[in-house]
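Below you'll find the structure, written out as structure tokens, and then a few comments.
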Amino acid sequence: MYFLKKIVNLFSSKIESEDNNVKKDDLTQPRKQSPEARKRRNRRIIFWLIILLIIGTIIGVIIYFSVRKEYDNVIVKSAQTEVVNNKKVLYLNTIRPNSTQITRYTIDEDQLLTARVNILNNTNFQIISNASSLGLSRISFNIVREGVEKFKLGETNIYAPISGNTNNQWNWLTSIITQNAGIPSSGFNPQVIISPLISIIFFIIFLYIILRVSKAQSDSLLGTNKANAKLTKSGVRFSDVAGIAEVKEELIEIVDFLKEPKKYVAAGARIPKGVMLYGPPGTGKTLIAKAVAGEANVPFFQTTGSSFEDTFVGVGARRVRELFEKARKSAPAIIFIDEIDSVAKKRGNSLTAVQDQTINQLLSELDGFDTSSGVIVMAATNRLDTLDDAILRPGRFDRQISVNLPDILEREQILRIHSRNKNLSAKVSLEDIARRTAGFSGAQLENVLNEAALLSVRDKATSIHMNHLDEAIDRVIAGPSRPNKVISEREREQVSYHEAGHALIGLYSPGADVVQKITIVARGRAAGYTLQTPERNENILQNKTELISRVRTALGGRAAEELIYGPNEITTGAANDFYKITNIVRAMVASFGMTDVGLTQYIATEGVDNPYRNSYSEQTALAIDIEIEKIIQREYKIVKEMINEHREELELIVQTLLELETILKPQIDYIHQYKQLPPEVIANKNKREASQKQANSSVEEAKVVDDEESIKDKEKDQKSN
């Protein structure tokens, strides 16, 4: 029992160490098992030990009875025959090795024939009979076949009567017994103990492997063995992040706490347990979290909200627990959950309670943090309005930091950071690039420089020039160009009028963005596009005049097509324009309260649980639709009037586009200011007309020569006739 108790304690400590990972008197460690759980675990261990002992005993018994007996070789001292009661008897005087004991064995003539027959048939000879009438002791031999002409002699009570005199057989058996004789061993056979022990050991190993494999398969089926967080050491610093100075200021305090937590604990300060970063995609939320971990030089656990969920119920909550346990052991550390809205949306909207379980576990872990644990949770989302209110309350994600799209100065700083390892030409102006990339995120700006570098390599240039950056911006906005796309001259002209209509309205609408570029080069699914950027720094708020200007600019393309080609020749090129127009006007009517429908917000701009569920009546929906259509038709009429009023300028823009295919702001401003074609367009047009005139004159000269030769040929024919 003492030995069994020791084994139980050994297994208990092993399992407890695996369950609890480490034992420390630390509040950040998981709780110890309850006494009831410990008793249940000990009972399971004792049960399996008893099962193993029973199985080992059964295997040992089977091996004991299946192992052939060992025989000690005996040395035959003499072998002689005598006649006793008219029977021949063989006397064997033998001695064991390493022993002086002499044993006398007897065998009579009656055994010989049967023994001979059984030996030849490869069978054991064992026939019991009564030989007391011979006056001999009840001793005979069991001859067991060991191999060709080799036999062992063992003790049995065997006699075999036989009739007749068989001297030849007698002599044969005498020689065989003399050459090979043996009796059962009286020593200890170690196989009786060793074999069961070996069997038990192999069985335990086999059982361990089976349990491990089955557990791995079960975990794989449940998806619980999938790593849900990457532990890394971040090498990013705040100097690697540009354009978010106010965000850095908010996070410096977090970095200081991770470096010197005792200072804040001693002062009784409660550092925010969670930091929520929200903003548009590509603004650098993940990069900021890495910079915080890099500045504080602490482990960085990175995961996504979707990695917590799986097919089976309870897996998400388990992964949340495991992630926070790992972070506690590595404290001070940072947990970063990207796209947290996929796991922490408002509760009650999901079809099942699986997601609610994960949210509840996440809330519990955030509340369970000790203020001195040294673990900071950072999360990122593009939709703060969809998150559960309990996530954002003080004590969980206390600090909510907005990471917006960079303005022109911040874009220039981002471009400078990403151009550190780029060989830019001295003529490249990053300020100009920043001005032309309004609305670009940090990720898009990095992509612009990378595309420009690839284009420079393709052109075998030693540095990145402005034309490479122009093409890179176009690629990011509309995709790569399609120079090999076959387009008719009429379609090319109609695309020019469409884009010129956008640009013309942008030039004359108050509050409209500045027209930076117009192109009719096909890119992606677009036959052309017009690039506009804000005249001033980007504003967070937009007024009604600016929204109306965006609507008019988008309507300019269709209006120009209809005025030039008629209502029956309009194209599908305005589909995306109408999509933008409808969204802007619908927001003005139903969200911003900018029309006669009223100041009520019928369509929420944030926290929409179900976008297909209306919170207003059918009459209100009809009023909204009527107001939207009224505004669009009113603005469309104004746009057509503006195009008719500035028809001459529209034609100049179209001629320039047909000549150059892509025109930039200086050329657009020249046309708008002087109402004439830019000098380079005139020069290019004159050059093309001159080359065409020269080609036509060459054709005329060739035609004259051909006519003269034909006249001469006719004259020759007439003379010959």
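Using N, Cα and C of the backbone, Cβ positions are placed for all residues, glycine too.
Remember, it's a predicted structure, so these values are computed and weren't measured experimentally.
The topological domain 'Cytoplasmic' annotation in Swiss-Prot covers 1-44 (among others) and rests on sequence analysis.
Annotation comment: Swiss-Prot describes 45-65 (among others) as transmembrane segment.
Per Swiss-Prot, the feature topological domain 'Extracellular' maps to 66-190; the stated evidence is sequence analysis.
Residues annotated as transmembrane segment in Swiss-Prot: 191-211 (among others).
The feature topological domain 'Cytoplasmic' is assigned by Swiss-Prot to 212-721 (among others).
Annotation source Swiss-Prot lists ATP binding site at Gly279, Pro280, Pro281, Gly282, Thr283, Gly284, Lys285, Thr286, citing sequence analysis. Under a cutoff of 8 A between CB atoms, and with a sequence separation of 6+ in the same chain, the neighbours of Thr286 (ATP binding site) are Gln302, Phe336, Asp338, Ala380.
According to Swiss-Prot, the feature Zn(2+) binding site maps to His498, His502, Asp577, an assignment based on sequence analysis. Remark: His502 (Zn(2+) binding site) has Ile518, Thr530, Thr553, Ala554, Gly556, Gly557 as non-local neighbours, by Cβ distance under 8 Å and separation of at least 6 in sequence.
Sequence-distant neighbours of Glu499 (active site): residues of the same chain at least 6 apart with a C-beta under 8 Å from its C-beta are Ile518, Thr519, Ile520, Gly528, Tyr529, Thr530, Gly557, Leu657. Under the DSSP three-state reduction, Glu499 (active site) is assigned to helix. Residues annotated as active site in Swiss-Prot: Glu499.
Under the heading region 'Disordered', Swiss-Prot lists 686-721.
Taken from Swiss-Prot, the feature compositional bias 'Basic and acidic residues' applies to 700-721.
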Site with most surrounding Cβ atoms, counting all protein chains shown within 10 Å, from the binding-site residues Gly279, Pro281: Gly279
Candidates Gly279, Pro280, Pro281, Gly282, Thr283, Lys285, namely the binding-site residues, that fall within 10 Å of Asp577 (Zn(2+) binding site) by Cα distance: none
Length of the line joining the Cα atoms of Gly279 (ATP binding site) and His498 (Zn(2+) binding site), in Å: 34
Candidates Pro280, His498: member of the binding-site residues with the richest Cβ shell (10 Å): His498
Additional residues surrounding Zn(2+), by Cβ distance to the His498, His502, Asp577 centre under 8 Å: Glu499, Gly501, Thr530, Ala554, Leu555, Gly556, Gly557, Arg558, Ala560, Gly573, Ala574
Other residues, Cβ within 8 Å of Gly279, Pro280, Pro281, Gly282, Thr283, Gly284, Lys285, Thr286 Cβ centroid (ATP site): Leu277, Ala380, Asn382, Val403, Ser441, Gly442, Ala443
Under 8 Å by Cβ from Gly284 (ATP binding site), counting only residues of that chain that are 6 or more apart: Val241, Gly243, Ile244, Val403, Ser441, Gly442, Ala443
